[in-house]
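*Asks:* There's a structure below that I have some questions on.
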Amino acid sequence: MSLRMILRILGLLLMMFSLTMVPPILISLLFADGMWQAFVVALGITVGTGALMYLPNRHARKELRTRDGFLIAALFWSVLGLFGSLPLMLTGAAALSPTDAVFESFSGLTTTGATVITGIDLLPEAILYYRQQLQWLGGMGIVVLAVAILPTLGVGGMALYRTEIPGPLKDSKLTPRITETAKALWYIYATLTVTCALAYMAAGMNWFDALGHSFSTVAIGGFSTHDASIGYFDSAAIELICSAFLLISAFSFSLHFVAWRERRLTHYFQDPEARFLMLFLAGLIIITSVSLWLTSDYETLQGLRHAVFEVVSIATTAGFSVADFSTWPGALPFLLFVAAFVGGCSGSTGGGMKVIRIILILKQGMREVMRLIHPSAVIAVKIGKVSVPDGIAQAVWGFFSAYVLLFFLMLVGVMATGVDQVTAWSTVGATLNNLGPALGEASAHYGDLPSLAKWILVVAMLLGRLEIFTVVVLFTPAFWRK
């Protein structure tokens, strides 16, 4: 393992990350909210630390191995999450403790969207902008990580997807080099962001809200510049725009690349993941709208409007809200919350276990049922017309087993801090799936949870964002052997 190379890369990343504190400084000066000094100090600390890591090792040249990639991926999010909390601690405007500042920073960068802050409408504009920017940067990093980096390490949904699943991406990479792939993905990501912001402005948002919400929409993050989230605007047009861009961002960015390159949209309907996600959301919308129509005071159109928005927002793991879904009748809150466990497509900014894994788990389950009926039959698991090798099936079940085990351990850990069962279950689920909104005592915000519970949930956010194995492998003795 090349420690000097890792320090060189992390130092460079920190210095680059420090530049992201320049826009909040400009926003602070524009709105004269007095927050610019804190961002200047945070910038200085970040760039100084990065320089101390980079400069002594700037001439280090050594080929990185797979295990170095795992460590860099985990440290990338951990280090940026810690340094990203500096402005939130230094401003004092949100009155955040170090624990709360770290929680908010990790929630932003992992695009979870869980918040410990109350009175968001009263925050200075620089802080509001910074929270939204954290999610946008996190979303951009996730796309590159999921599509360009994790597959080279052999983990992540796209590693399964690109090697074994039929469709427009079969047997091909987006571009020959990771650098070129990253540039292509960033171009698409930025284009979607600008388009989303312009659409929000056309629907009635001011430029500041439109920019901030476009950041968290394309990133499927869920942070808002208002306590009431998207519901603050009370606009069907804004809700429709938000739902549309959440759905687009929940599709694999590899599909967007192919659609952009070939100038046609048929790939979305040929792709097994995209088709499953569209059918899954349509089914949930029908169930939710009918349930609201039968059991609540919503008028038919209002119930449909809220059903469409909340289903898309929760199921894609964004967590925006126009209504408090936790108060909806019957099993609807539980149903919507569980939908987030499915999440977005592999290679998207969405969280959850990823659609491709759910498809494979369902198909393997059906295969075992058929084997009970026909014990001697050789039954292949197929996606489209292509058989999925048993190694892929084992990888999916391995991920699912690790997911369930870690969920249970963190659930017990959060409950041990004194949190009730419903709140503990939902907060672990919301953070591990990078959803944000929870049920129980954390349905409004996470601020009242014990500090130890918040640190456990920070770990859950990181595990969910890095698709578990990227972090878990670091704690195996074999990883550290020479």
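Note: Cβ is positioned from N, Cα and C throughout, glycine not excepted.
Here Swiss-Prot flags 9-29, 35-55, 70-90, 136-156, 185-205, 240-260, 276-296, 325-345, 395-415, 455-475 as transmembrane segment.
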*Asks:* State, in range form, which of 70-90, 185-205, 276-296, 325-345, 455-475 has the highest count of Cβ pairs under 8 Å to the transmembrane segment (240-260).
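*Replies:* Out of the listed stretches, 185-205 contacts the transmembrane segment (240-260) most.
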*Asks:* Which sequence positions outside the transmembrane segment (325-345), separated from its termini by at least 6 residues, show Cβ-Cβ distances below 8 Å to it?
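*Replies:* Long-range Cβ neighbours of the transmembrane segment (325-345): 157, 220, 249-252, 255, 271, 273-274, 277, 280, 284, 287-288, 291-292, 295-296, 310-311, 314-317, 351-356, 358, 426, 429-430, 433-435, 437, 439, 443.
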*Asks:* Which bits of the chain, at least 6 residues beyond where the transmembrane segment (35-55) starts or stops, bring a Cβ under 8 A of a Cβ in it?
*Replies:* 7-8, 10-18, 21-22, 24-25, 28-29, 83, 86-87, 90-93, 124, 126-127, 130
*Asks:* Looking only at residues six or more beyond either end of the transmembrane segment (9-29), which have a C-beta under 8 A from one in the stretch?
*Replies:* 35-36, 39-40, 42-43, 46-47, 49-55, 57, 72, 75-76, 79-80, 83-84, 87, 124-127, 129-130, 133, 137
*Asks:* Where else in the chain does the transmembrane segment (276-296) make close Cβ contacts, counting only residues six or more beyond its ends and a cut-off under 8 Å?
*Replies:* 247, 250-251, 303-304, 306-308, 310-312, 315, 328-330, 332, 335-336, 339, 342, 344-345, 355, 358-359
*Asks:* Give residue numbers and ranges for long-range contacts of the transmembrane segment (455-475): same chain, 6 or more residues beyond its ends, CB-CB under 8 A.
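*Replies:* Beyond its ends, the transmembrane segment (455-475) has Cβ neighbours at 70-71, 73-74, 77-78, 81, 99, 102-103, 106-107, 110-112, 114, 138, 142, 145-146, 150, 153, 155-157, 351, 354, 399, 402-403, 406, 410, 413-414, 417, 427-428, 431-434, 446, 449.
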